[in-house]
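One structure is given here, and the rest of the page talks about it.
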Amino acid sequence: MSERPRLTVLSGPSGVGKSTVVAHMRKEHPEVWLSVSATTRKPRPGEQHGVHYFFVTDEEMDKLIANGELLEWAEFAGNRYGTPRAAVLERLENGEPVLLEIDLQGARQVRESMSDAQLVFLAPPSWEELVRRLTGRGTEPPEVIERRLAAARTELAAEPEFHTTLVNTSVEDVARELLALMDVV
Ligand code: ADP
Ligand code: 5GP
């Protein structure tokens, strides 16, 4: 166990399985605190305000940014996403392990502002499998999938910027590896 839990950032292309891995991990280890982001994206079926995201209007997002309330934020595939700063800092001060599930642009901002953050990249077993997962999830229309796949090419190329890469072949294995990296087990 390290002395002070670090902030861990999990990034990787849309559809690689970040949410699935994190949900699996938190089922067994609810003490791992996952930051709830603000987003201007509309909720998918089953997504709840305050649980999966804080769903905000463009005007509300403008205010969060202008007031400096976000630790980082980025525009991704046509919507804005950001991490509320206060909740993250509070958890870290309490010594709780903190996880952010954010995109590449956000990971880069955190790397600059929180120098001891640990950056973890979740990679797909192959490009074909990534396309299969993103398409198979069935939550986005074809033009949005295209935008997300274009972003995925950039994200995959940035893998060397991260401290660690985990390949999401098995959700159970990756969840276990992530917990170990976070010093939770
Ligand atoms: P992300 O949060 O990275 O956008 P999701 O967690 O929504 O991705 O996963 C995208 C799709 O891939 C979902 O349908 C999910 O069930 C599936 N999936 C996730 N991990 C795996 C895995 N290891 N093997 C097969 N399918 C997976
Ligand atoms: P989705 O719309 O699929 O939930 O998320 C799209 C992308 O936005 C994913 O790569 C996800 O990790 C990222 N994301 C979610 N929340 C944040 C955030 O607060 N900041 C940043 N920079 N990216 C985020």
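The backbone N, Cα and C atoms fix where each Cβ goes, and this holds for glycine too.
Fair warning: this is a prediction, and the values are worked out from it, not measured in the lab.
According to TrEMBL, the ATP binding site annotation covers Gly12, Pro13, Ser14, Gly15, Val16, Gly17, Lys18, Ser19. The domain 'Guanylate kinase-like' annotation in TrEMBL covers 5-183.
A simple way to gauge crowding: the CB of Ser14 (ATP binding site) has 21 other CB atoms within 10 angstroms, across all the protein chains here. The ATP site is defined by Gly12, Pro13, Ser14, Gly15, Val16, Gly17, Lys18, Ser19, and by the 8 Å test on Cβ atoms against their centroid, the other residues of the chain that qualify are Leu122, Pro124, Leu130, Arg133, Leu134, Asn168. Only Ser14, in sequence order, out of the binding-site residues Ser14, Gly15, Gly17, Ser19 have a CB under 6 Å from ligand 2.
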